[in-house]
Amino acid sequence: MTTESKITPVEHNQKLYIETVGCQMNVLDSELVVGALRQEGYELTSDMLQADTVLFNTCSVREHAEHKIYSQLGRMKFSKRERPDQVIGVIGCMAQKDQDLIFRRAPHVDIIVGTGQLGEIPRMVREARSNREKSMALSLGRKAGSRDSVSASFESYDPLREPEMRPSPYQAYVRIMIGCDKFCTYCVVPSTRGPEQSRAPKDILSETRVLAGQGVKEIILLGQTVNSYKHTEDGRLHRLSDLLHQLHDVDGIDRIKFITSYPKDMGNDLLETIRDLPKAAHYLHVPIQSGCNDVLKMMKRGYTVEQYMEMMGRIREILPDCAVSSDFIVGHPGETEESFEKSMDIIRECRFKNSFIFKYSPRPGTKAFELYEDEIPDKVKKRRNNEMLALQNQISEEDNAGFIGKEVEVLVEGASKTEVKKSGSNSEETDGTIQLMGRTRCDRIVAFDGNPRLKGTLTNISIFDCTPTTLLGSIVTRSYQHGTEGMLPILQ
Ligand code: SAH
Ligand code: SF4
Ligand code: F3S
């Protein structure tokens, strides 16, 4: 056999279109799937109709996210009539949850792949192209076997990385856990992502080193309850605080963030580690979900408002400049006007950097769906959502205003959103500057004009204005200075 004949001939110009909804886990999964398909000779296209393979990476957390995908699939029916050779795949959380229901609702779908089986995609796409047969790769349901067998059916998928799909070339998500064992009553994630499993520190470390070698400056560690991370290696228990210490030593990495934290598992060991490690972001996303104990109990969140406030007290004491953000569900069964007001009070008291606010969406298969009636009218959910958003925006803007006149250090991520919208035309000013964006160590977004060469660097910016979501500033240009007199204080 000649060397040439050993290489599988790659059909060239295979085009892949991928659409991703849902959380950062899904964004990472898409990046990895694209990486694997590139090795099969695929290139990305942004035109769904031009694509040879179309993948939808789906989310089931709210009904709306599923509707979006089913209507996209509806549209695909027509394109498939014209392009019968097209392979259509539904992957991710909705694939694991709806399984063959997807084939029944959208018969033109070829492959269905759950979150724990993403490694199968290249083979399944290849086979679908050659034999046109439908196939599914799914993990076991949470009650379909022993914990070990269910866990084994969900594989953490962390192969080679695909720089093009990252949030920016300087940032990368790194999965440290899969699954969730908290079983909040409203939530599908424990069944779509399977049992909680933590990856080995040595695998996380070697992945981070590779990323650093590719120019990544910031890693964002991912887990549904990321601070519940625990892994026993060589007879020693590693918690998130231990992992942060190990990752801190990786040369080239300037910042380390982790999302999303679970209030009950926020130990002082973790807070003190963040305080002691200069590369650790002073930012925590710790959703409270509701400010009312009766609702929290119905949600089975496992903590009371008082316990959450005790945790906030420890955060403020150990990390005084730390930004905290939260999630809220409004209109959950049992949420009275009084309970809603208690959630509003929590926002006033905690002064979150930002809050992600969601209207309760009953999800078949969850305990809440089984036990509670979805009793709050959509009109009321909408009003509560808007009121809460207005309050949060007011607080975010007030707190952002506190940065005006101060200097912050940002990691420059790239062109700002306004700049990206302008693209197409040549948006560079004559001196080569464009509007850039970056983030402070406490995760605040900063927009400023600067040379694109600054991307990926840590740069000092002086803040002169703000909106609820963004600090506006200009680059600090200092000619030679003696001492530090007259300099603005640097905030983290
Ligand atoms: N693991 C994360 C959350 C993952 S889901 C955590 O526990 O914090 C992201 C957010 O979606 C949740 O924090 C919750 O606010 C919201 N969410 C989950 N299920 C929902 C539902 N059925 N209806 C509305 N919002 C929901
Ligand atoms: Fe869902 Fe609760 Fe797990 Fe978060 S902790 S993923 S809300 S079950
Ligand atoms: Fe959605 Fe799955 Fe993430 S349900 S929120 S994509 S874990």
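Along the chain as shown, the residues are counted starting at 1.
Using the three backbone atoms N, Cα and C, a Cβ is placed for every residue, glycine included.
Predicted automatically and left uncurated, TrEMBL annotations should be read as such.
According to TrEMBL, the protein has these features:
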- 14-130: domain 'MTTase N-terminal' (DOMAIN)
- CYS23, CYS59, CYS93: [4Fe-4S] cluster 1 binding site (BINDING)
- 166-398: domain 'Radical SAM core' (DOMAIN)
- CYS180, CYS184, CYS187: [4Fe-4S] cluster 2 binding site (BINDING)
- 401-477: domain 'TRAM' (DOMAIN)
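Take the mean position of the Cβ atoms of CYS23, CYS59, CYS93, the recorded [4Fe-4S] cluster 1 site; other residues of that chain with a Cβ within 8 Å of it are VAL21, GLY22, MET25, ASN26, THR58, SER60, VAL61, ALA65, GLY92, MET94, VAL189, THR192.
Here the Cα atom of CYS93 ([4Fe-4S] cluster 1 binding site) is found 17 Å from that of CYS184 ([4Fe-4S] cluster 2 binding site). Apart from the site residues CYS180, CYS184, CYS187, the chain places the Cβ of LYS182, PHE183, TYR186, VAL188, VAL189, PRO190, GLN224 no farther than 8 Å from the centroid of the site's Cβ atoms, the recorded [4Fe-4S] cluster 2 location. Local packing around the Cβ, expressed as the count of other Cβ atoms within 10 angstroms, is greatest for CYS93 among the binding-site residues CYS23, CYS59, CYS93, CYS184, CYS187. The average pLDDT computed for the domain 'MTTase N-terminal' (14-130) is 94.
Other Cβ atoms within 10 Å of the Cβ of CYS180 ([4Fe-4S] cluster 2 binding site) number 22 in total over all chains.
The Cα of CYS59 ([4Fe-4S] cluster 1 binding site) lies closest to that of CYS187, out of the binding-site residues CYS180, CYS184, CYS187.
In this structure, the CA atom of CYS180 ([4Fe-4S] cluster 2 binding site) is 14 Å away from the CA atom of CYS23 ([4Fe-4S] cluster 1 binding site). The two recorded residues CYS187 ([4Fe-4S] cluster 2 binding site) and CYS23 ([4Fe-4S] cluster 1 binding site) have their Cα atoms spaced 14 Å from each other. Closeness to ligand 1 is met by CYS187, these being the binding-site residues among CYS59, CYS93, CYS187 whose Cβ falls under 6 Å from the molecule.
Between the alpha carbons (Cα) of CYS184 ([4Fe-4S] cluster 2 binding site) and CYS23 ([4Fe-4S] cluster 1 binding site) lies a span of roughly 17 Å.
Checking the binding-site residues CYS180, CYS184, CYS187 against ligand 3, not one has its Cβ under 6 Å from it.
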